[in-house]
Amino acid sequence: MATVTFDQASRFYPGSDVPAVDRLDLDIGDGEFLVLVGPSGCGKSTTLRMLAGLEDVDEGAIHIGDRDVTNLPPRERDIAMVFQSYALYPHMTVAQNMGFALEMAKVPKEERSARVLEAARILDLEPYLDRRPKALSGGQRQRVAMGRAIVRQPKVFLMDEPLSNLDAKLRVSTRSQIAALQKRLGVTTVYVTHDQVEAMTMGDRVAVLKDGVLQQCDTPLALYKKPANNFVAGFIGSPSMNIREFKVANGHARIGELDVPLSRDELGVLAREGSDSVLLGFRPESVDLVGAGEGFPVVVRLVEELGADAYLYGSIVGTEDAEAADIVTRVDPARTPRIGETVYLRVRPGQEHAFSPQTGERLG
Amino acid sequence: MLTPSLPAPTATKPRQPPAPRTLTAGERWRLRAPLLPALVFAIALTQVPFLLTLYYSVQSQNLLRPGSKEFVGLANYGKVFTDELFRNAVFNTVTLTASTVILSMLLGIGLAVLLDKKFLGRSVVRTLLITPFLVMPAAAALLWKTSMFNPVFGLVNWMLSPFGVDNVDWASRYPMPAIVGVLVWQWTPFMMLIVLAGLQSQSPEVLEAAKVDGANAWQTFRRVTLPHLRQFIELAILLGSIFIVQTFDAIFMITQGGPGQATTNLPYFIYQQAFRAFDVGEAAAAGVIVVVATITIAMVALRVISNLFTEESA
Ligand SMILES: Nc1ncnc2c1ncn2[C@@H]1O[C@H](COP(=O)(O)OP(=O)(O)O)[C@@H](O)[C@H]1O
Ligand SMILES: [Mg+2]
């Protein structure tokens with residue numbers, strides 16, 4: 001069990017002068033479940049592989065516990081990794097796969113089989129111990145990959161999109177099993193995914209990456225409530241937040257025909273930047289249908305009914321730029337507006353997010 | 001297969017292709033006709049000589065005594081099996097094939113492992129390493145005989161001269177090792193290519209998993225890579241053996257099967273029987289025996305290949 005620290009760690013792939021991971025600073029607590037999330041190609045796997053020792057750290061340092069592991073080979077780091085493809089040894093049985101690391105560590109045979117059996121029991125793999133990976137289903141292979149990691153009782157678990165090869169239903173159930181198992185074992189875990197739902201449901205904390213740069217690292221709720229910039233705001237939450245640029249006049253942002261007050265701090269930052277507009281975001285679920293004149297008018301273009309929820313796709317009336325006018329909101333499925341109708345919407349006070357139109361950083 | 005006499009579709013087969021339309025006999029022949037010349041050509045070229053060989057193998061015929069031809073049943077086969085020289089040729093063939101295959105396989109694995117790494121000029125090195133396989137066997141043998149093994153001007157002696165070796169006539173002092181050396185030089189690229197294909201078909205993530213699991217380079221090779229390569233190696237050994245059993249050029253060019261019978265293998269023995277002793281009957285019988293033995297090996301090889309494909313696709 002150990003903490004993990006990234007200290008200004010960077011990785012430049014040969015032949016590229018843009019870093020795949022750019023001066024990453026990250027402190028992961030003992031026993032914490034940290035999720036790295038971000039769009040494809042943002043450097044999640046590279047970060048994880050740097051921690052595993054499979055990728056060089058070109059600048060900065062990485063510590064596991066109080067040991068500097070920056071230049072140590074993988075086998076001296078005491079970590080276990082679950083690969084996206086599972087990477088099981090095809091010619092070994094399930095038991096041999098799980099016992100391989102212990103064998104390399106010269107653990108005596110009796111202890112080895114006891115630990116493999118224990119892991120197999122936890123993961124419901126006992127009937128399959130003598131099978132080859134080829135003869136297992138996708139879900140079973142995934143569990144063998146997990147088993148190979150947990151028999152080692154390592155300092156840190158590393159998991160790179162371990163659920164992406166499972167079907168949607170199995171993914172949801174395995175998701176909660178992995179989270180529960182991690183809580184039970186209490187091993188520090190770094191988990192990579194591109195799926196923000198996975199990140200939000202599994203992580204103690206979630207680190208959002210974009211283009212190799214850490215955007216924000218916080219609890220799932222804090223990411224949802226107080227995104228640090230417009231990228232995080234748009235990435236976390238489904239359907240994603242409506243973020244549009246609106247003109248600022250007299251201390252208010254003007255949405256269609258409605259004036260939304262901005263705080264003194266927010267206005268201060270905008271004034272210093274010299275911006276006469278603001279990036280304003282509001283989540284589909286932060287919007288209420290109100291009577292005429294109390295909100296901004298929206299023409300309904302499409303209504304999606306999902307049973308428990310309904311989503312309204314519409315355009316704000318009175319905005320010149322047609323693209324900037326499109327928004328999504330959640331509405332009561334019992335009273336959905338008709339297509340072509342004009343409805344009035346209001347963002348619940350305090351649930352709007354203001355960002356700088358120049359830097360995308362959160363204001364105030 | 002064209003008539004709809006297939007068994008009813010079973011539950012495990014969800015979809016059956018639509019049954020092909022039944023063709024009349026005339027239509028079938030019209031469709032096949034364009035293939036006939038190729039078929040006739042292939043049969044004429046392979047099966048007619050084989051049938052002739054079978055025919056000669058049951059005749060007693062010596063070209064030195066014209067008109068001596070008569071049917072002798074299996075007597076030629078009996079003669080072959082009791083012939084001291086034939087047994088010597090079998091022994092030489094086995095020695096030659098086994099040592100060539102083993103040495104070229106070991107070298108091939110080593111070179112393949114090196115070629116599997118990334119380095120500057122890798123494709124040039126790979127091309128150079130393949131060239132011995134592309135040189136015509138007779139030309140290669142001539143080259144080795146004259147410029148490598150020559151006791152006075154040979155490069156082998158020149159290279160070994162700092163170690164106190166001088167004017168050794170390799171082809172007559174160490175005939176078998178000399179032939180094996182030439183064949184290893186020629187066959188190492190073949191082994192290397194097949195093993196390299198095996199190495200490159202291995203998932204890099206599996207190797208990384210072994211690293212993370214604490215295996216060092218040798219343990220990874222021994223426990224993860226080698227089991228993966230096993231079928232590739234088996235395949236290369238079997239295919240290589242089939243070809244190397246038939247070696248003729250190197251022996252004909254370098255040692256003429258000698259000194260004495262030291263390097264006479266089966267093909268050279270058959271050649272001697274037919275064109276030196278002019279005993280066509282015994283040569284034909286020996287030829288049939290070699291063909292049967294080679295086909296047996298080939299069938300094992302084919303089974304390995306099909307195993308390989310089913311394993312990979314599973
Ligand atoms: N072996 C490599 N060589 C060169 N560039 C690479 C290599 N692996 C990844 N990259 C680049 O580094 C960036 C981050 O990749 P990666 O960490 O795999 O992203 P993610 O896992 O978040 O999808 C990408 O732009 C990718 O193209
Ligand atoms: Mg990735």
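Every residue number used here counts from 1 along the chain in the order it is shown.
Here the Cβ of each residue, glycine as well, is placed from N, Cα and C on the backbone.
TrEMBL has this to say about the protein:
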DOMAIN    B:90-301  domain 'ABC transmembrane type-1'
REGION    B:1-22  region 'Disordered'
TRANSMEM  B:35-58  transmembrane segment
TRANSMEM  B:89-115  transmembrane segment
TRANSMEM  B:127-144  transmembrane segment
TRANSMEM  B:178-199  transmembrane segment
TRANSMEM  B:232-254  transmembrane segment
TRANSMEM  B:283-305  transmembrane segment
Remote residues contacting the transmembrane segment (B:178-199) - C-beta distance under 8 A, at least 6 residues beyond either end:
96, 99-101, 103-105, 107-109, 111-113, 115-116, 129-133, 135, 137, 140-141, 144, 149, 170-171, 225, 228-229, 231-233, 235-236, 239-240, 243-244, 247, 250-251, 254-255, 263
So what's near the transmembrane segment (B:35-58) in sequence-distant terms, Cβ-Cβ under 8 Å and 6+ beyond its ends?
71-74, 76-77, 280-281, 283-285, 287-288, 291
Mind checking which residues reach the transmembrane segment (B:127-144)? Cβ under 8 Å, same chain, six or more beyond either end.
111, 115, 178, 181-182, 185-190, 192-193, 249-250, 252-254
At a C-beta cut-off of under 8 Å, are there same-chain residues at least 6 beyond the transmembrane segment (B:89-115) that contact it? List them, or none.
122, 125-126, 129, 176, 179-180, 183-184, 187-196, 198-199, 221, 229, 233, 236-237, 240-241, 244-245, 247, 261-266, 268-269
Who are the long-range neighbours of the transmembrane segment (B:283-305) in its own chain, taking Cβ under 8 Å and residues 6 or more past its ends?
50, 53-57, 59, 76-77, 79-80, 86, 231, 234-235, 238-239, 241-242, 245-246, 266-267, 269-271, 273-274
